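Just below is one structure, and these are the notes that go with it.
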Amino acid sequence: MDLTLLWVLLPLVTTAWGQYGGYGYPYQQYQDYGDDGWVNLNRQGFSYQCPHGQVVVAVRSIFSKKEGSDRQWNYACMPTPQSLGEPTECWWEEINRAGMEWYQKCSNNGLVAGFQSRYFESVLDREWQFYCCRYSKRCPYSCWMTTEYPSHYGEDMDMISYDYDFYMRGATTTFSAVERDRQWKFIMCRMTDYDCEFENV
């Protein structure tokens, strides 16, 4: 390749990479998504909701054995595209109990727009609830599960959705009675751009 052409193209590539952070999202829109933006202290309950019309696209967490084998959490949200429209209803799902493995998707074809959690000293674990929002009568399809986050118990966790066409619908978790920690697999789905008749897919 001609070096002159390379020097002309390099600033353009660098600018595009800086604008999108390599993730398919404008990185600057992740507000407070850093090490000092935790939504909880260790052993503390929390409730986190995305602003209206936004859904969770990133989850970050750090583990502390000495602080009750607990984690601090942080989330990032992004607005949904105009093709989905506005949320027509939002709700808290059923509680997933501490000390147990669980699998849960938002009911009623909802998308994850928040998390709520409470810590239990007796089991050194948390119970969890999803905050879900439904968008008209849109239905999920082409669903898949992410790899495990974190890769090993006790490690830091940093899950970012790389594809704007996929939305978080839920998760499945394992629980280690020895490590007192969880591994998460997030359920990601596309959503139809038209209404459908299925009430819960």
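Cβ atoms are placed via backbone N, Cα and C, with glycine included.
Worth saying up front: this structure is predicted, and the values here are computed from it rather than measured.
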- prompt: Pick from Cys90, Cys106, Cys132, Cys189: which cysteine does Swiss-Prot list as forming a disulfide with Cys143?
  reply: Cys189
- prompt: Pick from Cys50, Cys90: which one does Swiss-Prot say forms the disulfide with Cys77?
  reply: Cys50
Query: What Cα-Cα separation, expressed in whole Å, is found between Tyr194 (sulfotyrosine) and Tyr167 (sulfotyrosine)?
result: 16
Field: Candidates Tyr164, Tyr167, Tyr194: member of the modified residues with the richest Cβ shell (10 Å)
entry: Tyr167
Message: Given a Cβ distance threshold of under 8 angstroms, which distant residues of the chain, six or more beyond its ends, lie next to the repeat '2-2' (125-130)?
response: 69-71, 92-99, 102, 104, 106, 112, 114-119, 170-171, 173, 175, 180, 182
